[in-house]
Amino acid sequence: MMKPKPKPQKKKKKKDPNEPQKPVSAYALFFRDTQAAIKGQNPNATFGDVSKIVASMWDSLGEEQKQGYKRKTEAAKKEYLKALAAYRASL
């Protein structure tokens with residue numbers, strides 16, 4: 001019987017602290033906005049419970065309201081791409 005080969009350890013690439021951070025998604029923005037209020041209403045709720053509540057709220061949110069978050073994400077993405085281009089040019 002053959003022994004399985006040990007998997008090679010992946011070397012984790014060190015992140016440059018000066019590299020711009022990627023923008024968050026529309027859902028992540030919504031999550032940040034609503035998480036504290038839900039946690040206040042349900043102080044004993046676990047993170048998983050809060051996540052499920054926020055997810056159901058996101059699903060029931062109208063397209064118009066979601067567009068507000070999507071616009072913020074698009075603006076953040078444009079800023080990120082500019083910052084990333086400037087960062088790469090400085091390397």
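Any Cβ shown, glycine's included, is placed from N, Cα and C.
Listed in TrEMBL:
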type	residues	note
DNA_BIND	20-88	DNA-binding region
COMPBIAS	1-15	compositional bias 'Basic residues'
DOMAIN	20-88	domain 'HMG box'
REGION	1-24	region 'Disordered'
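Tertiary proximity for the region 'Disordered' (1-24) is limited to same-chain residues at least six positions away from its ends with a CB under 8 Å from its CB atoms, namely 32, 73, 76-77, 79-80, 83-84, 87. Within the domain 'HMG box' (20-88), the DSSP-based counts of helix, strand and coil residues read 56 helix, 0 strand, 13 coil.
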